[in-house]
Every structure is written in C-alpha cells, then in structure tokens.
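Here the structure comes first, spelled out in structure tokens, and everything after it is commentary.
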Ligand code: 5AD
C-alpha cells in the first residue's frame, strides 16, 4: 500500500483542506506514513498570505530535493494557496515538484497521482469550481477511542472583499456558499458521532447567504442594509436543528457583517461561546481606507461595543498589520490606542509584506523593515499586557472547559504525565492538573483556575466535576494525529 504524508502551513481553512486530503487519499487506498520522510507521496499544503509563509514552502522544497534524489519514484505534491497562485510556474522553478493542485481540486488528487504513476508528466491543476462549487466534508481526526471533540465545517469559500493587502481573493476565488441543508446535516452527523464543538469556516464567514433561499430572515435583520447577510439566520437554524451541539464557533468574520442581527443571535443563542476573533488590521482611518477595509475605526468600536453589551464577559481577539504602505507614527499610535480601547484578549500581529496580485502593490512599501519590527514589538507588548491582566483576573474563578486533548509537555511539579487541556467558553486555553487518571476527552468540565501562565490558565477539576468523571482506560485516550490538532496558542505570532 503506498504511503503518504501531509505537511500543513497556514490557516484553519488549510488545516481543514488537509483533513479532506487525508480522506480522499485514504479512500483511494493510500496509508498515512508515520514519518513524512518514509512517505511515497508527500503533500505540502501551502500558505501565501504573507511573504514569510511562502518562503517556508521554498525552503522546504529545497530540503526535499534530496529526499527525492534518494528515491526518484517519490512524489512531491504542492497544494494550497501557493499552488493556486503560482500554478505551472512552480513546476518550472522547482524541479523536485511533481504536482501542483489548487484548493478546489482536492477530489482530483488520486486520479492525478494515478496518471503520474503511469508515467505522466508533472502536472498543475488549479481550476476554481465556480460553476458547481463542491464542499467536501472531512471526517474529523479520530482518537483511538473514536471520539473527536472539535471539528471544522466549511460554510462558504472564496472572498469578494478587495482588501488591498490580501492575496486571498486571488488564491481562493470568488465567494461561493454551501446550501444550509448540507451544513446542518454535516453538523448533525458530527454531533451524533460525538463532536461537541463545531467551528464554521469561511474566508469572510459572516457574509454567508443560503443558495437554497431556505432560511427565514433572522430577528433584527434589515434587508436594506448592504452589510446584512444570512449568517445570523444560519446560526439560528443550526442551534434549533442540532440541539446536542455544545459550542458553535466561527472564523473569520469581517467587521462589516457584524450587524444587529448577528449581535442579537449572540445575545440569544447559548451555543455561541463568549469569544469572537474579529480582524481589525489597523486603528487608523487613513490606513483602513487605503487597506479598503470598508469600515471606520468608530464603526468597528461601535459594533464591538454593541456585541460586548449583548454578551456579558465577551472577549475579542484580532489580527493587525503593522507597516502598511504610508503608515506614520501617528497611524500606528492610533492602532495602539484602539488595542487598548477595545481591550483585545488575543492578538495576531504581522509586518506588512507585498503580495502578488494585490492592489497595494501600487503603493510603495515605504515603512523600513526595522520600523516594522519595532512597531510589531510595541504592539505585542501592549497585547501581552492585556492578556496577562485578563488571565490573572481569572485566577480563583470557576470555568467550563471543553477538554480537547492532552498536552505534549510534561506536567508541572515533576509528576510527569501529560495534562488534559482544552478551552474555556471564552477560548482561553486551560491545562487541567491532577486529572491524569481520568478520561476527560470531549467532556465539558467545571474547573477552578489556580494560576495564570503567559498564554494560558492552569486549573483543577472542581469536586463535583471530579465525582462525575470516568476513570481512564489504559491506552485508549490518545488523539490519533496530535500533530494535526495541536492546540493553537491564543497569543501573538511573529509577522
Ligand atoms: N502582509 C501582512 N499581513 C497580511 N495579512 C494578510 N495579508 C497580509 C500581508 N500582505 C494578515 C492579516 C490577515 C491575516 C490572516 O494575515 O492580518 O487577517
């Protein structure tokens, strides 16, 4: 049986696309290789959103050239956004690559591999499925016990925004929406199989419209508002039709579509957790305009205030770009003041980098690299201080944690075992101490927060939670592919 391995770079959409590739390849008779170097087929699922991400691919292919030389029948596949962006050019530039497949061509992967095995030439397949969009479901990664507590469900793909810095409209194509019936059916199936939390995925997830036209207008929706979508209506339908779902998250929303109907859904639907990741990109109106973000700072603040008022205890996280063309010290100061004003509890910060096919290529990349670096450091100082104060403030409280898996790190205090860890309703990472002997995977447990770490909480089960928990059966609880589902850290990331 030929063996394959997939290496994933980039966003949750890419992580999910990799899950689909696992499915497609397994169904075609491939087996996953334990060690990527042992694979017959190696897929690099790439990201091109920032220059650094694209460089990663290039250095990885350089390294893999030797892997191929050892056994020339090995197949190197480049998938994802760099594949879509570069197409055939990749085959010409890097001879080690045998195949290039775009995000919409994943189902064709086994067929294309078959052609290659028969002696076919290297091939690039990067065609959008705009006429008949396909939304493949992916079976979530399974632990040995067969339970996967969290899963992604795609509800739309592509992007019709034209943010001037962003390559995604080019690499992911125009917006296409998945029929609401299909979305609900997939979520119901996942929940029946033990999934507790679903994250709805889309490049601008809250611009969703139902191609079936089957959703009743959501309360609070105003049909004349150009920013109105049917996202709130979809959330309501999921909440009503899949009552067994414990948590319903989504990523990434665009601030433009954070309309009153969505705010009302947050106020009324208990299944929506008290955390939203809402990329703002800059706190300066001048920069926001040049980024073509289609909202002002005041609009962003007003909308997030309304959301926070509707959902007590809500926390917000965001993405910010520093050093966008023309960004002055004053513009950057406005970004810092916005971070303080909104009080983000998590922040991903990036240095602007020029991307192909983007409108901002017409603007001079005029903020020097060292200034970008210094601004990023100041931004992180600000956000780390906010996160740290927030986490400290939670010490002594009780929280409900959905246990997602076990940490790779050793436990504190030298007792050795990997701790259970998961997320609170607000998305803080929590490590649960003193419960190594219990089976908590997929459980929502009540914990007492005993300590704040830099980016996470340290907690213990409450007495009631301990009394209700099951003892662990030996060897039955490890997640199947922890590398693909390691907990992302809610914190700053270098740009
Ligand atoms: N340069 C730097 N950061 C970028 N992002 C998107 N495009 C660029 C770029 N050209 C960031 C944005 C986005 C996140 C996924 O990546 O902050 O929200």
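The backbone N, Cα and C atoms fix where each Cβ goes, and this holds for glycine too.
Automatic prediction, not curation, is the source of TrEMBL annotations.
The feature [4Fe-4S] cluster 1 binding site is assigned by TrEMBL to 11, 47, 81. Annotation for residue 81 ([4Fe-4S] cluster 1 binding site): same-chain Cβ neighbours under 8 Å, separated by at least 6 residues, are 10, 14, 46, 47, 48, 49, 103, 167, 168, 171, 172.
Under the DSSP three-state reduction, residue 159 ([4Fe-4S] cluster 2 binding site) is assigned to coil, being neither helix nor strand. Summarising the environment of residue 159 ([4Fe-4S] cluster 2 binding site), the number of other Cβ atoms within 10 Å of its Cβ, over all protein chains shown, is 21. The [4Fe-4S] cluster 2 binding site annotation in TrEMBL covers 159, 163, 166.
What TrEMBL records for 2-118 is domain 'MTTase N-terminal'.
Under the heading domain 'Radical SAM core', TrEMBL lists 145-390.
Within the domain 'TRAM' (392-463), the DSSP-based counts of helix, strand and coil residues read 7 helix, 36 strand, 29 coil. If you look up TrEMBL, you'll see 392-463 marked as domain 'TRAM'.
Taken from TrEMBL, the feature region 'Disordered' covers 464-495.
A Cβ distance below 6 Å to any atom of ligand 1 is met, among the binding-site residues 47, 81, 159, 163, 166, by 166. Cβ neighbour count for residue 47 ([4Fe-4S] cluster 1 binding site) (all protein chains, 10 Å cutoff from its Cβ): 21. In the structure as shown, the Cβ atom of residue 11 ([4Fe-4S] cluster 1 binding site) sits within 10 Å of 19 other Cβ atoms. Listed in sequence order, the residues 9, 10, 13, 14, 46, 48, 49, 53, 80, 171 complete the 8 Å Cβ shell around the [4Fe-4S] cluster 1 site centroid, once 11, 47, 81 themselves are left out. In this structure the alpha carbons, written CA, of residue 11 ([4Fe-4S] cluster 1 binding site) and residue 166 ([4Fe-4S] cluster 2 binding site) are 14 Å apart. Residue 163 ([4Fe-4S] cluster 2 binding site): 22 other CB atoms within 10 A of its CB, across all protein chains.
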